[in-house]
Amino acid sequence: MKDMSIPLLAAVSSSTEETVRPIADFHPTLWGNHFLKSAADVETIDAATQEQHAALKQEVRRMITTTANKLAQKLHMIDAVQRLGVAYHFEKEIEDELGKVSHDLDSDDLYVVSLRFRLFRQQGVKISCDVFDKFKDDEGKFKESLINDIRGMLSLYEAAYLAIRGEDILDEAIVFTTTHLKSVISISDHSHANSNLAEQIRHSLQIPLRKAAARLEARYFLDIYSRDDLHDETLLKFAKLDFNILQAAHQKEASIMTRWWNDLGFPKKVPYARDRIIETYIWMLLGVSYEPNLAFGRIFASKVVCMITTIDDTFDAYGTFEELTLFTEAVTRWDIGLIDTLPEYMKFIVKALLDIYREAEEELAKEGRSYGIPYAKQMMQELIILYFTEAKWLYKGYVPTFDEYKSVALRSIGLRTLAVASFVDLGDFIATKDNFECILKNAKSLKATETIGRLMDDIAGYKFEQKRGHNPSAVECYKNQHGVSEEEAVKELLLEVANSWKDINEELLNPTTVPLPMLQRLLYFARSGHFIYDDGHDRYTHSLMMKRQVALLLTEPLAI
């Protein structure tokens with residue numbers, strides 16, 4: 001370990017007696033009051049549209065349950081329903097139909113075998129990866145003849161990302177398919193042939209389906225599916241209508257969040273913090289849910305993220321060590337009476353924080369299910385203590401080892417705080433005291449999701465943070481502990497991220513004491529984190545990089 005020569009927390013200059021604060025200079029909001037104005041223009045879904053939606057829904061349900069007995073057709077139909085984002089309407093039907101083909105193992109079609117494997121694993125069924133042995137040659141390598149089956153190769157590529165640790169054949173499949181699919185793209189770019197399939201390949205190479213946030217993937221796939229010569233017009237129309245109906249509801253929620261943010265006065269009272277209210281809402285739309293019946297959890301989680309962001313920026317970019325000490329005491333004791341000791345900007349933060357949890361508790365108490373709120377408060381208190389630990393490191397100029405860093409930083413990413421806040425809306429039989437206790441103590445997926453979020457965040461932001469004198473990141477701590485280059489450190493951290501995805505996959509195949517909906521929520525958070533931090537970018541902090549996605553999900557309805 002070594003000491004940094006100059007502590008870079010906010011400090012009081014001895015010569016001027018003025019507080020010097022390492023403000024990060026985040027760019028201003030991109031959306032302002034846009035959704036306050038646009039919400040007034042959102043038309044209420046009329047009765048005729050609702051009736052059309054209901055009729056199409058019944059027709060799609062009939063199609064799912066009466067699809068011809070051909071395995072390929074049935075699997076293709078289920079896959080389309082899921083990728084178009086409307087599977088939440090047909091969960092029982094999909095479960096039943098997959099059950100009917102659970103023992104159908106005779107196919108030698110790479111596309112069918114791979115698709116069946118992926119759909120069953122997505123459903124939580126631990127189908128063996130041995131089904132791919134038939135596609136290897138006598139030397140144990142994938143048969144070269146497979147490269148001519150482009151659709152099959154893409155299907156195998158997507159299936160391989162549902163691997164768990166130790167499934168070497170799936171690791172080999174990713175290498176094999178990636179190499180040859182890139183060749184397909186290269187040829188397509190020169191010949192302009194098979195443009196729709198080439199576009200799917202290009203998209204999948206950028207973000208495999210397993211890592212893709214469902215709502216964004218649905219919006220992308222709606223365009224792809226509409227250009228597929230074999231698309232079903234009824235399913236496509238239903239999916240478009242469903243997307244637009246949900247989008248109208250999401251626009252209103254974005255308006256609610258904007259009004260809450262402005263009414264409390266965040267932009268004026270904490271101007272140093274990131275003003276990302278719409279990006280926060282989108283993050284929760286991807287990480288918590290997009291379904292209409294989970295609006296409370298989506299909005300509550302969005303408010304919690306706003307507080308996490310504001311508090312994180314207070315610790316990183318504004319507060320003095322003395323102020324942070326007082327702030328930590330006030331929050332960990334959860335006592336509004338202690339705010340008199342705080343500077344004005346911190347009084348505002350603490351009051352806003354306590355009010356969010358109090359209001360949620362009062363709302364849930366009306367339904368007799370407020371027991372999740374104490375766990376949510378506890379996670380927030382623990383997060384503040386972790387932030388303060390990192391502040392002490394910086395104040396003392398202390399550089400932790402990688403192992404020491406992980407013991408704090410995996411938790412300080414805030415995922416645990418956020419996940420528990422989102423669980424309060426999962427329902428009486430899921431959001432129970434026992435289940436809260438169990439997931440906090442035993443869930444491998446929780447640590448895996450934290451690992452993905454923290455390491456990808458650090459890889460995306462460590463150079464920016466270095467410029468403003470932030471604590472060392474996972475990249476620097478790994479580099480220092482193991483004596484490797486920056487590039488090698490990043491490579492090793494990405495391997496740890498890949499293994500964490502496998503841990504999530506494994507726990508979803510073996511749900512025991514933790515309910516499946518809680519584990520699925522962690523998968524969604526991992527996906528949303530992948531979207532925010534993929535390719536070494538921080539789309540949340542530098543939100544111009546996600547402006548297009550915000551527009552697709554909130555401002556641009558589909559033509560029907």
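For all residues, glycine too, the Cβ spot is worked out from N, Cα and C.
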Key: Which range of 177-181, 312-316, 432-436, 447-451 is motif 'DDXXD motif', per Swiss-Prot   = 312-316
Remark   = Quick note, Asp457 (Mg(2+) 3 binding site) and Asp312 (Mg(2+) 2 binding site): C-alpha atoms separated, nearest Å, by 14
Message = On a simple 10 Å Cβ count over all chains shown, which one of the binding-site residues Asp312, Asp316, Asp457 is most densely packed?
response = Asp316
Query = How would DSSP class Asp312 (Mg(2+) 2 binding site) in three states?
reply = helix
